[in-house]
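Single-structure report; data block below.
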Amino acid sequence: MSKLQDVIVQEMKVKKRIDSAEEIMELKQFIKNYVQSHSFIKSLVLGISGGQDSTLVGKLVQMSVNELREEGIDCTFIAVKLPYGVQKDADEVEQALRFIEPDEIVTVNIKPAVDQSVQSLKEAGIVLTDFQKGNEKARERMKVQFSIASNRQGIVVGTDHSAENITGFYTKYGDGAADIAPIFGLNKRQGRQLLAYLGAPKELYEKTPTADLEDDKPQLPDEDALGVTYEAIDNYLEGKPVSPEEQKVIENHYIRNAHKRELAYTRYTWPKS
(Lines of atoms letter the chains of each structure in order from A and count residues from 1; the text may use other names and numbers.)
(Lines give C-alpha, C1' and ligand atoms only; values in the text may rest on other atoms or scores of the structure.)
Protein backbone atom coordinates (compact mmCIF):
# COMPACT_ATOMS: atom_id res chain seq x y z
CA MET A 1 0.00 0.00 0.00
CA SER A 2 1.36 3.44 -0.93
CA LYS A 3 1.76 6.17 1.67
CA LEU A 4 -1.11 8.19 0.16
CA GLN A 5 -3.40 5.16 0.03
CA ASP A 6 -2.70 4.52 3.71
CA VAL A 7 -3.59 8.15 4.53
CA ILE A 8 -6.81 7.95 2.50
CA VAL A 9 -7.84 4.59 3.98
CA GLN A 10 -7.44 6.01 7.49
CA GLU A 11 -9.44 9.12 6.56
CA MET A 12 -12.29 7.28 4.85
CA LYS A 13 -12.82 4.81 7.75
CA VAL A 14 -13.83 1.84 5.58
CA LYS A 15 -13.52 -1.53 7.28
CA LYS A 16 -12.13 -4.50 5.37
CA ARG A 17 -15.33 -6.38 6.13
CA ILE A 18 -18.53 -5.70 8.04
CA ASP A 19 -21.09 -7.73 9.94
CA SER A 20 -24.44 -6.58 8.55
CA ALA A 21 -26.41 -6.82 11.79
CA GLU A 22 -23.74 -5.05 13.83
CA GLU A 23 -23.25 -2.33 11.23
CA ILE A 24 -26.98 -1.60 10.99
CA MET A 25 -27.23 -1.40 14.77
CA GLU A 26 -24.28 1.02 14.87
CA LEU A 27 -25.72 3.20 12.10
CA LYS A 28 -29.14 3.38 13.74
CA GLN A 29 -27.55 4.22 17.08
CA PHE A 30 -25.65 7.11 15.52
CA ILE A 31 -28.85 8.56 14.05
CA LYS A 32 -30.74 8.10 17.31
CA ASN A 33 -27.94 9.58 19.42
CA TYR A 34 -27.81 12.65 17.22
CA VAL A 35 -31.55 13.24 17.50
CA GLN A 36 -31.54 12.62 21.24
CA SER A 37 -28.73 15.13 21.77
CA HIS A 38 -30.56 17.88 19.85
CA SER A 39 -33.95 18.40 21.44
CA PHE A 40 -35.13 20.78 18.69
CA ILE A 41 -35.20 17.98 16.09
CA LYS A 42 -38.74 16.95 15.23
CA SER A 43 -38.15 15.59 11.74
CA LEU A 44 -35.50 14.05 9.51
CA VAL A 45 -35.60 14.92 5.81
CA LEU A 46 -34.10 12.94 2.94
CA GLY A 47 -34.43 13.09 -0.83
CA ILE A 48 -35.23 9.71 -2.38
CA SER A 49 -33.84 9.12 -5.88
CA GLY A 50 -34.55 5.41 -6.28
CA GLY A 51 -30.86 4.59 -6.12
CA GLN A 52 -28.88 2.45 -3.71
CA ASP A 53 -27.64 5.17 -1.39
CA SER A 54 -30.88 7.04 -0.66
CA THR A 55 -32.75 3.73 -0.35
CA LEU A 56 -30.31 2.51 2.29
CA VAL A 57 -30.23 5.77 4.22
CA GLY A 58 -34.00 6.12 4.01
CA LYS A 59 -34.57 2.65 5.46
CA LEU A 60 -32.06 3.27 8.25
CA VAL A 61 -33.66 6.60 9.12
CA GLN A 62 -37.19 5.18 9.22
CA MET A 63 -36.03 2.26 11.39
CA SER A 64 -34.31 4.73 13.73
CA VAL A 65 -37.33 7.02 13.92
CA ASN A 66 -39.59 4.05 14.69
CA GLU A 67 -37.34 3.10 17.60
CA LEU A 68 -37.14 6.68 18.85
CA ARG A 69 -40.92 6.92 18.99
CA GLU A 70 -41.06 3.65 20.92
CA GLU A 71 -38.66 5.28 23.38
CA GLY A 72 -40.95 8.30 23.77
CA ILE A 73 -39.22 10.74 21.42
CA ASP A 74 -41.56 12.42 18.95
CA CYS A 75 -40.03 12.73 15.49
CA THR A 76 -41.00 12.04 11.88
CA PHE A 77 -39.20 10.91 8.75
CA ILE A 78 -40.05 12.95 5.65
CA ALA A 79 -39.05 11.35 2.35
CA VAL A 80 -38.87 13.83 -0.52
CA LYS A 81 -39.36 13.09 -4.21
CA LEU A 82 -37.51 15.71 -6.25
CA PRO A 83 -38.09 15.08 -9.95
CA TYR A 84 -36.91 17.43 -12.67
CA GLY A 85 -40.08 17.24 -14.73
CA VAL A 86 -40.83 13.57 -15.39
CA GLN A 87 -38.26 11.29 -13.78
CA LYS A 88 -37.11 8.47 -16.07
CA ASP A 89 -36.76 5.98 -13.22
CA ALA A 90 -39.88 7.09 -11.34
CA ASP A 91 -40.98 3.45 -10.94
CA GLU A 92 -37.81 2.70 -8.99
CA VAL A 93 -38.43 5.70 -6.74
CA GLU A 94 -41.85 4.27 -5.91
CA GLN A 95 -40.31 0.84 -5.34
CA ALA A 96 -37.78 2.36 -2.94
CA LEU A 97 -40.53 4.17 -1.05
CA ARG A 98 -42.55 0.97 -0.68
CA PHE A 99 -39.46 -0.67 0.83
CA ILE A 100 -38.65 2.27 3.12
CA GLU A 101 -42.27 2.90 4.25
CA PRO A 102 -41.63 6.53 5.26
CA ASP A 103 -43.89 8.37 7.68
CA GLU A 104 -44.53 11.11 5.14
CA ILE A 105 -43.82 11.71 1.45
CA VAL A 106 -43.47 15.18 -0.06
CA THR A 107 -43.10 15.76 -3.81
CA VAL A 108 -41.49 18.91 -5.21
CA ASN A 109 -40.89 19.29 -8.95
CA ILE A 110 -37.63 21.24 -9.21
CA LYS A 111 -37.94 21.96 -12.96
CA PRO A 112 -39.61 25.40 -12.73
CA ALA A 113 -37.05 26.68 -10.20
CA VAL A 114 -34.04 25.28 -12.08
CA ASP A 115 -35.20 26.52 -15.46
CA GLN A 116 -35.91 29.98 -14.05
CA SER A 117 -32.44 30.14 -12.48
CA VAL A 118 -30.82 29.10 -15.76
CA GLN A 119 -32.87 31.70 -17.66
CA SER A 120 -32.12 34.47 -15.16
CA LEU A 121 -28.41 33.76 -15.42
CA LYS A 122 -28.65 33.75 -19.21
CA GLU A 123 -30.32 37.16 -19.13
CA ALA A 124 -27.39 38.36 -17.01
CA GLY A 125 -24.93 37.11 -19.60
CA ILE A 126 -24.05 33.85 -17.83
CA VAL A 127 -24.84 30.88 -20.07
CA LEU A 128 -24.56 27.59 -18.20
CA THR A 129 -23.34 24.42 -19.84
CA ASP A 130 -25.45 21.28 -19.53
CA PHE A 131 -23.03 20.02 -16.88
CA GLN A 132 -23.37 23.26 -14.91
CA LYS A 133 -27.15 23.03 -15.20
CA GLY A 134 -26.84 19.58 -13.65
CA ASN A 135 -25.20 21.16 -10.63
CA GLU A 136 -28.11 23.61 -10.47
CA LYS A 137 -30.45 20.63 -10.19
CA ALA A 138 -28.43 19.11 -7.34
CA ARG A 139 -28.32 22.39 -5.44
CA GLU A 140 -32.03 23.04 -5.95
CA ARG A 141 -32.82 19.59 -4.57
CA MET A 142 -30.78 20.26 -1.46
CA LYS A 143 -32.25 23.75 -1.07
CA VAL A 144 -35.72 22.23 -1.07
CA GLN A 145 -34.73 19.67 1.56
CA PHE A 146 -33.32 22.36 3.84
CA SER A 147 -36.45 24.47 3.35
CA ILE A 148 -38.60 21.53 4.41
CA ALA A 149 -36.33 20.83 7.38
CA SER A 150 -36.50 24.47 8.46
CA ASN A 151 -40.28 24.47 8.20
CA ARG A 152 -40.64 21.20 10.10
CA GLN A 153 -38.01 21.71 12.83
CA GLY A 154 -35.81 19.12 11.23
CA ILE A 155 -32.44 18.21 9.85
CA VAL A 156 -31.35 17.02 6.42
CA VAL A 157 -29.83 13.56 6.18
CA GLY A 158 -27.16 13.00 3.54
CA THR A 159 -26.26 9.94 1.49
CA ASP A 160 -22.51 10.53 1.18
CA HIS A 161 -20.45 7.35 1.60
CA SER A 162 -16.73 6.82 1.39
CA ALA A 163 -16.64 5.61 -2.23
CA GLU A 164 -18.33 8.88 -3.17
CA ASN A 165 -16.37 11.03 -0.75
CA ILE A 166 -12.95 9.88 -1.94
CA THR A 167 -13.74 10.88 -5.53
CA GLY A 168 -15.68 14.06 -4.77
CA PHE A 169 -18.45 12.69 -6.96
CA TYR A 170 -21.12 15.07 -5.73
CA THR A 171 -22.07 18.70 -6.17
CA LYS A 172 -20.53 21.13 -3.71
CA TYR A 173 -23.37 22.54 -1.58
CA GLY A 174 -25.72 20.29 -3.53
CA ASP A 175 -26.01 16.60 -2.73
CA GLY A 176 -22.79 17.02 -0.73
CA ALA A 177 -24.60 19.22 1.80
CA ALA A 178 -26.42 17.75 4.81
CA ASP A 179 -26.54 17.89 8.59
CA ILE A 180 -25.51 14.27 9.10
CA ALA A 181 -24.04 11.60 6.81
CA PRO A 182 -24.76 8.24 8.46
CA ILE A 183 -23.22 5.93 5.85
CA PHE A 184 -19.82 7.61 5.61
CA GLY A 185 -17.38 4.80 6.37
CA LEU A 186 -19.10 2.38 4.01
CA ASN A 187 -18.02 1.72 0.45
CA LYS A 188 -20.37 0.85 -2.40
CA ARG A 189 -20.30 -2.93 -2.02
CA GLN A 190 -20.94 -2.68 1.71
CA GLY A 191 -24.02 -0.56 1.02
CA ARG A 192 -25.29 -3.29 -1.29
CA GLN A 193 -24.55 -5.86 1.42
CA LEU A 194 -26.68 -3.99 3.95
CA LEU A 195 -29.59 -3.53 1.55
CA ALA A 196 -29.55 -7.24 0.73
CA TYR A 197 -29.55 -8.03 4.45
CA LEU A 198 -32.50 -5.69 4.99
CA GLY A 199 -34.48 -7.41 2.24
CA ALA A 200 -34.51 -4.63 -0.35
CA PRO A 201 -35.56 -5.53 -3.89
CA LYS A 202 -32.47 -6.48 -5.89
CA GLU A 203 -33.36 -3.96 -8.58
CA LEU A 204 -32.61 -1.14 -6.16
CA TYR A 205 -29.06 -2.14 -5.29
CA GLU A 206 -28.04 -3.92 -8.48
CA LYS A 207 -29.06 -1.06 -10.80
CA THR A 208 -26.28 0.90 -12.48
CA PRO A 209 -25.39 3.89 -10.27
CA THR A 210 -26.04 7.24 -11.97
CA ALA A 211 -26.31 10.84 -10.80
CA ASP A 212 -28.55 11.52 -13.84
CA LEU A 213 -28.01 15.29 -13.77
CA GLU A 214 -27.19 16.03 -17.40
CA ASP A 215 -29.93 16.49 -20.01
CA ASP A 216 -27.49 15.68 -22.82
CA LYS A 217 -26.35 12.45 -21.15
CA PRO A 218 -29.38 10.96 -19.38
CA GLN A 219 -28.69 8.08 -16.99
CA LEU A 220 -24.91 8.48 -17.49
CA PRO A 221 -23.30 5.74 -15.35
CA ASP A 222 -21.15 7.02 -12.48
CA GLU A 223 -18.31 4.73 -13.54
CA ASP A 224 -18.23 6.28 -17.02
CA ALA A 225 -18.09 9.77 -15.54
CA LEU A 226 -15.40 8.80 -13.02
CA GLY A 227 -13.24 6.78 -15.39
CA VAL A 228 -12.87 4.00 -12.83
CA THR A 229 -15.10 1.23 -11.45
CA TYR A 230 -16.64 1.13 -7.99
CA GLU A 231 -15.04 -2.30 -7.65
CA ALA A 232 -11.62 -0.66 -7.90
CA ILE A 233 -12.60 2.19 -5.58
CA ASP A 234 -13.94 -0.27 -3.00
CA ASN A 235 -10.78 -2.36 -3.19
CA TYR A 236 -8.64 0.75 -2.76
CA LEU A 237 -10.66 1.85 0.28
CA GLU A 238 -10.22 -1.59 1.86
CA GLY A 239 -6.46 -1.29 1.46
CA LYS A 240 -6.28 -3.82 -1.34
CA PRO A 241 -4.03 -3.43 -4.40
CA VAL A 242 -5.43 -1.91 -7.58
CA SER A 243 -3.80 -1.38 -10.96
CA PRO A 244 -1.45 1.61 -11.36
CA GLU A 245 -3.96 3.19 -13.76
CA GLU A 246 -6.84 2.80 -11.29
CA GLN A 247 -4.72 4.12 -8.44
CA LYS A 248 -3.79 7.21 -10.45
CA VAL A 249 -7.41 7.99 -11.34
CA ILE A 250 -8.65 7.50 -7.77
CA GLU A 251 -5.88 9.57 -6.20
CA ASN A 252 -6.26 12.33 -8.78
CA HIS A 253 -9.97 12.58 -7.93
CA TYR A 254 -9.11 12.67 -4.22
CA ILE A 255 -6.53 15.45 -4.58
CA ARG A 256 -8.47 17.55 -7.10
CA ASN A 257 -11.66 17.52 -5.03
CA ALA A 258 -10.13 18.11 -1.60
CA HIS A 259 -11.96 21.47 -1.40
CA LYS A 260 -15.31 19.64 -1.41
CA ARG A 261 -14.41 17.85 1.82
CA GLU A 262 -13.58 21.09 3.64
CA LEU A 263 -15.59 24.00 4.97
CA ALA A 264 -14.81 27.39 3.43
CA TYR A 265 -11.11 28.08 3.83
CA THR A 266 -9.91 30.94 5.99
CA ARG A 267 -6.44 32.48 6.10
CA TYR A 268 -5.79 30.16 9.06
CA THR A 269 -7.00 26.90 7.53
CA TRP A 270 -5.91 27.10 3.89
CA PRO A 271 -3.34 24.28 3.46
CA LYS A 272 -0.60 26.17 1.62
CA SER A 273 1.80 23.81 -0.13
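Glycine is no exception: its Cβ is also placed from the backbone N, Cα and C atoms.
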From Arg17, Arg69, Arg98, Arg139, the one annotated by Swiss-Prot with Lys172, Asp179, His259, Lys260 for deamido-NAD(+): Arg139
Identity of the ATP-site residue among Lys16, Lys133, Lys188, Lys240 (reference: Gly47, Ile48, Ser49, Gly50, Gly51, Gln52, Asp53, Ser54, Thr159, Thr210, source: Swiss-Prot): Lys188
Residue from Arg139, Glu164, Lys260 whose C-alpha is spatially nearest that of Asp53 (ATP binding site), among the binding-site residues: Glu164
Cα distance (Å, whole number) from Arg139 (deamido-NAD(+) binding site) to Thr210 (ATP binding site): 17
Binding-site residues compared (Gly47, Gly51) - the one with the fewest other Cβ atoms within 10 Å: Gly51
Of the binding-site residues listed as Ser49, Arg139, Lys172, Asp179, the one whose CA lies nearest the CA of Glu164 (Mg(2+) binding site): Lys172
Nearest of the binding-site residues (Arg139, His259, Lys260) to Gly47 (ATP binding site), judged by Cα-Cα distance: Arg139
